Amino acid sequence: MTSPAKPRPQSMPALLTGLALSGLAAGAFSFAYPLTAVGLASAPLAPLDGASWIGAAFSIYFLAKLAAAPVMGWLADRMDGYGRNGASMGTLMALACVFASALPLLFLAASSVGKAQLGLLLVQAGLGLCAGASRPLALAAAAGPASAAPAGRRLAQAALANQLAFLLAPLLGGLILAGRDIQAVLAYLSVGMLAAALFFFLALPRGTRTFGPPMPGTAANHPAPVRPRLLPALRAALADPLAARLLPAVAGRALGIAVWAAFLPMFLTASLPRDPLLFGLLFSLPSLAVCLGLPFTGRLADGPYALRWAAGGMLISALGLLALPLLPSTIWAVAISGLAAGLGSAASLPASLGLAASSGPGRATHMAVYQSAASLGFVVGPLLGILVVRAFGTAEAALGLAGLCGVLCCLPLLAGTLPVATRSPILAGIVALVLILAAMPLRRDAHLPAPGLPSVRNAAAASISGAPHQYADLAMGTIVRLSLEAPDRHVADAAADKAFELIRALQADLDLRNPHGSVGRVNLNAGRAPEQVSLEAYGIIERGLVWGRLTDGAFDISVGAVSRVAAYWGLDPWYARAQQGLVDYRKVVLDPVKRTVFLPEAGMALDLGGLAKGAVIDATVELLRRSGVAAGIVEAGGDMYCFGTRAWRVGIENPRGPGLLGSALLRERGICGSGDYRRFAPGDDPTSQGRRHHVLDPHSLSSVSGSAAVTVLAENAETADALATALLVLGPERGMEFLSRELGAAALWVHDDLTLIASPNFPALASIPQEALK
């Protein structure tokens, strides 16, 4: 009797190359998608409402991946079957990549009917399906034959290929996109996915097995394999005792990664000096630590302590996040947190993958369920973070709670590594300690500065004395905080709910990237026809044009022709110069009878960012007054209005470092700031520390230089907001002359060397020597 020929073993280099190529192609598109989709708002190709398409794109990718992975894992095991040589996983992975390579056709078809944004969203969903279909199978193949123990080193190599693609894809996407449009990235997506399909097909010849006899020594735990149906196979995978402990830990680790990616930039912006290179390094630190650690941790999955490494690594990763709110807000604190999260992931990844691969005879199914658990964490993490920010008003609270969830999720896995006699007291002690630590950063008042010296970033949450009712939500690209004094909690709650509802409605109407809002419709119809707008939008636009005339164009709401593209300040200067003729507030045509706004040239666009935040703050204050709130602060990203029967102490932040320049008491005043420190990129210009930042001189369309920041006090937040932008452009000399005609407004300019120039009516600031004021 002739024995069957043995199948050729998989080619690990080809498998890793396929993983890297598919990850780079998908990652380059995911990076370019939000940047280019913003630009589509100025053409007849509309995105979703406001910035909601960003969240939709993120969620739809992982939801598609979550749905596809279990089906494809089961299908691979089903086609393989016990005792049969079915179609190889390489063929399935190659087909998934071929499918992804055809996704750009969806964009072309959607563009042809004016639905380009929908086309991009479908491409993103298709990439999620491709990832759900290919990555679990690639990991199952890397683990080795189903009847052998999984190879930790090969799993580490596969994880490293994914991590390197994640790190390098944004750089590659930026290089492809430079000077081009989204179609160049889509072309690369097709080529990259086709190349990945070729390598996957070559890596896994027919006969690669994922479903077979259980590993030696595990027959008592797993019955003889059969060809399962989908639902019974998934139920069996989820019911496995090891999987029941492993999957929550995997989801918790992914949840922490997602919250880090979503909320760390917000935490850095609010807590540390603005430095984009440093921020980028801190943001990428966990991924860098994973990449550096994986070459050394793969062997850990092959040893007898794989379970301990998996549980311990996940615990370290979660504790790294949990520690961030407990430590002082310094660069070193973020670095320590990021390194702990990354090194913990590096230690746990190969071991957890090996445990998933050894959970049962259907290796591809178990790997797919593992990937689905991770995808679930990526979906739930940002949603949980939003709820936490709303409840506690800070990004660090979201990071801390993500760490807490990670610790709790890995406790069942950790329990399996402890002796039975000491398991309960050890776990109880860990839970008690973690809950005590977590209660410190998660207390609502733990994030507030000491009374009498509030940071401007938390000014809405601080008062001279007492503890008013506090609320927070995400809106207008920042955290909006309300600090209210009302007769009782019920009145305050109802007023806050109405306030946030109003803020979200105004944001949608005034967002230049929302095609259904007033400003978005005006921009979409530039050069074609007048557009009727809401009463609120018309008033703000009309007042914006008045500011243009008063400042002789130093304040210009038509700068949207440049600013409609994300991160416009970091683009090559040729981009701004190309829009020079489109920026001119005098070209905007208003019809007060029909309440229409018309931009006469195609490519023109309005951007009300210079005064819209202040206008929203003022509208919110008026609503709160009508709702029975006696006093309070409405604050959004450092801009605020203090109202009511009491005074409030607020601080002016240092634009070049941590801490405050000083503080002052305010009542019935708006205070807004503008500067080069919030959004900027390094540049060749020797002025302003070589920064190209988001505040443009409308005449030259280059970044304003001469002052690092300006803070303005005025009778309302809208006036303070508009003046902050205009006075930064004008500079102290011309700005002081302009202020002499604006009774009631006061300003403080801060130079790079922290020299202060204040208008005569600017209030004295505590902790600032008066001789420093010139």
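Quick reminder: no glycine exception, Cβ is built from N, Cα and C everywhere.
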Correct range for transmembrane segment (source TrEMBL, candidates 278-298, 719-739): 278-298
Spatial neighbours of the transmembrane segment (54-75) far in sequence, C-beta under 8 Å, 6+ residues away: 30, 33-34, 48, 92, 96, 120-121, 124-137, 140, 228, 230, 233-234, 362, 364-369, 371-372, 375-376, 378-379, 382
Best-contacting stretch, by C-beta pairs under 8 Å, relative to the transmembrane segment (185-204) and drawn from 87-109, 121-143, 278-298, 330-356: 87-109
